[in-house]
Amino acid sequence: MQPRVLLVVALLALLASARASEAEDASLLSFMQGYMKHATKTAKDALSSVQESQVAQQARGWVTDGFSSLKDYWSTVKDKFSEFWDLDPEVRPTSAVAA
């Protein structure tokens, strides 16, 4: 073989090797980017789940406090007006007797 042909073949082999290395680097880079996107999404999902749980606990507390206040208010109203509701069976309003 002529030296020029050998030189061209060697340069082509070197160029092909460099391209293959770039393809591997690009594929590794895209793999790592995909992995980081997945890890970021997982972390965000976990954080939002914890925050939703805390919000749900706070909302349950508010609802419980609201029902407790309503129950206390109803008890107070019931006690104040119980004298009107508890009529003595012996004391009945008199009705006019027609003669």
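Note that Cβ sites are derived from N, Cα and C of the backbone, with glycine treated the same way.
Copied from Swiss-Prot, the annotated features are:
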- 1-20: signal peptide (SIGNAL)
- Lys37: site 'May interact with the LDL receptor' (SITE)
- Lys41: site 'May interact with the LDL receptor' (SITE)
- Lys44: site 'May interact with the LDL receptor' (SITE)
- 68-99: region 'Lipid-binding' (REGION)
- Thr94: O-linked glycosylation site (CARBOHYD)
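Features as recorded by Swiss-Prot, highlighted on the structure.
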{"residue": "Lys37", "record": "site 'May interact with the LDL receptor'", "contacts (Cβ under 8 Å, 6+ apart)": "none"}
{"residue": "Lys41", "record": "site 'May interact with the LDL receptor'", "contacts (Cβ under 8 Å, 6+ apart)": "none"}
{"residue": "Lys44", "record": "site 'May interact with the LDL receptor'", "contacts (Cβ under 8 Å, 6+ apart)": "none"}
